[in-house]
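What Swiss-Prot records for this protein:
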{"type": "BINDING", "residues": "166, 167, 168, 191, 232", "note": "NADP(+) binding site"}
């Protein structure tokens, strides 16, 4: 068996096209332009690149992009004052604070200062709680992207056995909540799970988000299962730096029914879902119907 390759890059392009279409209609019918504000503190190179990509794609779908680049010495009071202004700005529908923040800033305090309705990363404690209790919320972008791809590939997920390897607040826990919301039977596993391979082999859906390069091999996978690899790891191989996932793609692809590659799988969906969340936030703020197929 050779697994179907789930092309996240192409899927993300489709999501962005849907977002752009909805944005154009919002402008034409209601005179509204969804606005996304991104706050970057410091000069972390990876964050600089990521923020640049977010801004570019925001403009490409017709949204307004507001970038706030602050020095690494910015005080907590200054950052909170900026967030307060963005919370009250009617042109801003989504706010994203790029993590990690410099060590002198309290990330939890900063994230929870956001208006939950504008928290397009879905990290505010209110959104976390609402997701966990099955209420309407802003959903973290990476798990939302995974869910979109699973729905597209498998259709109805009800009754399927799902194993999420990883228990982070950013991916593992919200991914499990989303799968529960689809009526899957969900197991959360992690690096200390006893006989992890046996647990994973029970999964119709296997989501790897443990942060260990190529930890999940073909021996962990039930024949025909759908494997979503969230991992992004840089390793040295043959004298070169290579980007790999948490899944050993070569061995897994011989067993799985479908699998996301790294790169080109889950990664592109994260920014696409950020744009989708910003669109959703704009619609909610203005009492308009939410876009179908772009939310959980």
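Glycine residues also receive a Cβ, built from the backbone N, Cα and C atoms like all the rest.
Taking the features listed in Swiss-Prot, we show where each one sits on the structure.
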residue: 166; record: NADP(+) binding site; DSSP class: coil
residue: 191; record: NADP(+) binding site; DSSP class: coil
residue: 232; record: NADP(+) binding site; DSSP class: coil
Cβ atoms near residue 191 (NADP(+) binding site) (within 10 Å, other residues, all chains):
12
Taking the Cβ of residue 166 (NADP(+) binding site) as reference, which residues of that chain separated by at least 6 in sequence fall under 8 Å from it?
172, 175, 188, 190, 207, 208, 209, 210, 211, 230, 246
Let's check the environment of residue 168 (NADP(+) binding site): how many other CB atoms sit within 10 Å of its CB?
17
When a 10 Å sphere is centred on the Cβ of residue 232 (NADP(+) binding site), how many other Cβ atoms does it contain?
16
Hey, what's the Cβ neighbour count for residue 167 (NADP(+) binding site) at 10 Å?
18
How far apart, in Å, are the two Cα atoms that lie farthest from each other among 166, 167, 168, 191, 232, the residues recorded as binding NADP(+)?
16
